[in-house]
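A short write-up of the structure that comes next.
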């Protein structure tokens, strides 16, 4: 092939005149720099590992403790437990040097005791979750135990500035709920979904399970909760994600959108170069553990474990199960443009390339006249389709030669960047443009995203950006944190000149992008790629995506109503779904369990007895505003309690999931667990978090917030809804469903959400008017 070439660091030949050594100095220099950077990272990881290992104690405090031990010893005072004397007895002499050594050993012992005492004290404090259930409404008082707890946590956790992973050793393990508690919560959650006969049947199944095999399954799960760091996370990753054989595209991967109310530049190469540079800077602060861990209410740390796999990570397909592969280092990214793949080197002389230098590389790709090789243009379709088929073709076609080399370069890249040939547009007067923007990010054309990579950055031809992320390695809040940092960084820093190009002058001519070579011109490869392409087209053409921008009101009105914004919106979704489908449905809302070590998610079930009572009241004209508001307050309080329980490890679904996994291992059948785990989530929801970085100041830069992101529908006859409360008067809803389902319509559901939100606003206006009227009547009577 014309594009294929080989490069070697050195070669030698032997002739009758002797031997001759030939080497490529540039390649050897790259090898040397790569090795040097790798050793520096190992040293930095060791240093930060020691620092994190003794946190919340300070590493420098060791010298103070040793100094105190020496002072006590040489002033003829006994060190506690006479440790200096005991260590001296083990040393070969009694000179001053040996005495100093004994003092050092004694100081080290006491210092380690102090370190572990502080760590386990903090761990015990973080096990307390009473603060989660404290009222936060204006005028509410925090209890004395919580105030004392907060003071102790503040003293222990904030005197020494933490690194990204400093709290990992102090985070408690996820608690295992009791079977009886989970059964009670489960039956309560399904009551509004079942008629009396079916509810009685489910009660009977639950009692049979609880009295039968449940205690045995729970014993094994208790053992696992004692032995493992987190009794859920490894099984969740394995069985929910890695063993899934279906397509990642639409079904698993999710997307995130740019800050659509601002556009720093319209030049594609400049925006791409700037984003690459910012992502690499973020990777560096993660690797150095300089990123501040997220503290809930500025006090309680969240687990940072998932941040380890943001970059240099890929999901590798397997015949029966996939695996996550994380590379410790990567000095390149891969750029995809018009069906061609390019390796772009991102370091020079040990530093990250500057945006102006990266822009030169991106422009060279954009100006290239390269054409895709046979099968190359549709190659990424393999990552969008059936996992077993992709694994088999990977073993047969990509096991050796240039295919193996090029695939390794893609999979080991820091991330993949796609230069799209279409613009990403937003116009409030033309909502279909934002819908198309979301579709481009969710699935593209089925072969312009490498769906196996931890994430693919997508850059539109007009300079707008977004991302498509694989879900196994982490949950959406982690990727949202990365993206929020990018969006905020472009607002607080000037990164473009008046023409829209990146600032700065290149210090050198950056290395040219290298075209990756593939040998796919054979029936086996081409047929597999074509089959995956057709499957991807069928899947993406079935997606019905609507991004609804609600600007009538936002967080401001919800605060005035003294309701949690999340609970408020979940009730709106319940009302909208009931009006759309004419019935209630099992509803999924994701909450995090990152208050615990290696925590991921738990399910909140927003369809409750209280929410269904309020929804019915909203559709009953005989119920007055006062009663409706009362029912809504009760529904929101119940939802908040469910959310708090889920965050504190007292959820329903992860416990039942793990019991089911144990039953499968033991090869015992449970009709109850089988039915519970097969129930479809026809309404799957998630709130996109923001405010995870201190850089984002919405008061100074109100337009810099991202429009959030979304995902595909979980059930064939259901909706996937992601929302972000983007300000005091703005909410984005990302609504997905399937076109082939006759009972769903994303546009219709968006209209129902708008109607529900409007009805809720009118409800509180009516209620306030009634309260004012009553107050006026009372005052008039008093006079």
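Cβ atoms here come from the backbone N, Cα and C positions, even for glycine.
Unlike curated entries, TrEMBL annotations are predicted automatically.
TrEMBL assigns the feature transmembrane segment to residues 96-118, out of the candidate ranges 96-118, 119-141, 142-164. Per TrEMBL, the range carrying the annotation transmembrane segment out of 33-54, 55-76, 165-186 is 55-76. Packing against the transmembrane segment (55-76) from elsewhere in the chain are residues 83-84, 99-100, 102-104, 106-108, 110-111, 114-115, 118-119, 122, 156-157, 159-160, 162-163, 166-167, 169-170: each is 6 or more residues past its ends and has a CB under 8 Å from a CB in it.
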